[in-house]
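K.L.:
Structure in structure tokens, see below.
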Amino acid sequence: MQEKVEAQPILSMNSVEVLYDNVMLAIKGVSIQVPKGEMIALLGSNGAGKSTTLKAISGLLKAERGRVSRGEIRFNGTDITEMLAQNRVELGICHVIEGRRVFEHLTPDENLTAAAPTGMSRSDLSGEKEKIYNYFPRLAERRNSLAGYLSGGEQQMLAIGRALVTQPSLLMLDEPSLGLAPFLVAEIFGILQKINKEEGMSVLLVEQNALAALEIVSEGYLIENGRVVMNGTAEALKSNSDIQEFYLGGGEGTDFHNVKHYSRRKRWLS
Amino acid sequence: MDWVFLSELAINGALTGLLYSLFAIGLVLIYKASSVPNLAQGGLTMVGAYVVLALSHDAGLPLWVAIPLGAVIMFALGFGIERVALRRLAGRPVVMILMLTLGLDIFLRGTTLAIWGGTSRSMELGVSYEPLFVGDIFVSRIHLVGAAVTIAFFVAFMLFFRTRTGVKLRAIADDYMASWSVGISVERGVGLSWALASVVALGAGVIWGEIQGVDQSLSLLLLKGLTVAVLGGLDSILGAVIAGLILGIVENVGADFLDPLVGGGSRELIVAAVLILTVMIRPHGLFGRHDIERV
């Protein structure tokens, strides 16, 4: 019995379809499972439907006039497909949206305050803040300057910290590496890994930077044209030749100066 | 040059200006949360005055009961407006919300006209009309009371925006999507800002109702209030207070110089000039927020 409970994924998404404006089908039957305490990556190119998948899970679709038209999303076994975004945050799902989007005219400290759940006591909140500043010492240094003037990396850290204040059990991140220098990506991913280990927080990571993502996750899904076309452990994905060619930057031993380059484009059977 | 007279003009101008500020604070509260200048703020102000009149004169309650009770009613009305009208418009272009507030203004004016008629009624706050002399300078008592109310609201809101709820409201003003993503109820926040603005409108309605009588013309305060709000920067409460002082003084002193030259009516011209020049020279006002651009 105990084992059965253990085996239940924290998030399961079953053949979910998302319609924008009642006409545009953005994802077409996506099924994803996030086991408790694991880090999972969602890979794919621009416009593949990764962000839409996250928004379907966090409930932010509504703000963009989208809706789940088929399938169901379960969080710890509860059907959340139609739930309001704020109630999903209360349940423990937090979505770090694309492009950082910190509250620019608030200080980092106030950014964290703004995200505090309504019932959280003052002492819990300051404890929570200290924990976040421990993860991100750079933020602690600048806690009282305006968030709009932080560097891109610091803003990304703040966006993650702000999400942590809501005390999620599932943290979803949309392209946290976007526009950041490689050493910052490494630093942020390292912290994510640490949070995942120390707090047992499950993480669903959307990335175009497959190389960096596959280093820290245990499992990955590849999405193309609104469908999951491949899924497997990080090791399996890394060694897959198609993934290597299309997402990890070049297959082995291909010298493009010598090869007459036919634009080989993978057509996933769908 | 008569310095006593000039300072009397300036001081009374400043007091009147603070009454414009009182109106403008309501505009600022809604602008911060919804990014639209609320064209219905004049209508709300008038409704606030009528609600207090109905409670005190028609229902016979003493003013110290009627005004707080009226504030509760206005608070609920503000929340109601968000729930019934604004929520459907979330995510639509801002111009649609602007048009909605215009429609709301017309609706509120029509409703008050239908219920209470068009004749001007007096508020009878019981503030003495005896002139108050500070040194040689004559000051209107009701303006003094109104200025005190403005300062009280100003201080209250400065403190409020430091509380957790206040910080959440500022977060909503910054970014709806990000607010939703961390579980802030944007709808409730916008509702709260309308509710607070409606309470401010009641304050402005009571004071202005005492000064110029309660009738449809109260809603025309929107023009001066909007000028003050734009000059102050639309999203700054401090800006609204300072801009009110500036507009009040410039209007009162300027009109005294210009009226003999043009034969009266220069007040409106001065207000118009301030509004137009602000938009042309400094569109974000004195204290308005620039969007932060990192270099």
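Backbone N, Cα and C define each Cβ position, glycine as well.
Features from TrEMBL:
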- B:12-31: transmembrane segment (TRANSMEM)
- B:61-81: transmembrane segment (TRANSMEM)
- B:93-117: transmembrane segment (TRANSMEM)
- B:137-161: transmembrane segment (TRANSMEM)
- B:226-249: transmembrane segment (TRANSMEM)
K.L.:
Could you tell me what the rest of the chain brings near the transmembrane segment (B:137-161), counting residues at least six beyond its ends with Cβ under 8 Å?
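P.N.:
4, 7-8, 11-12, 14-16, 18-19, 21-22, 25, 29, 125, 127-131, 167, 169-170, 196, 200, 203, 207-208, 210-211, 237-238, 241, 244.
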K.L.:
Could you tell me what the rest of the chain brings near the transmembrane segment (B:93-117), counting residues at least six beyond its ends with Cβ under 8 Å?
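P.N.:
Same-chain contacts beyond the flanks: 34-44, 46-47, 50, 53-54, 81, 85-86, 216, 219, 222.
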K.L.:
Mind checking which residues of the chain, 6+ beyond the ends of the transmembrane segment (B:226-249), have their Cβ under 8 Å from one of its Cβ atoms?
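P.N.:
Same-chain contacts beyond the flanks: 10, 13-25, 27-29, 31-32, 37, 150-151, 154, 157-158, 161, 173, 271, 274-275, 278-279, 284-289.
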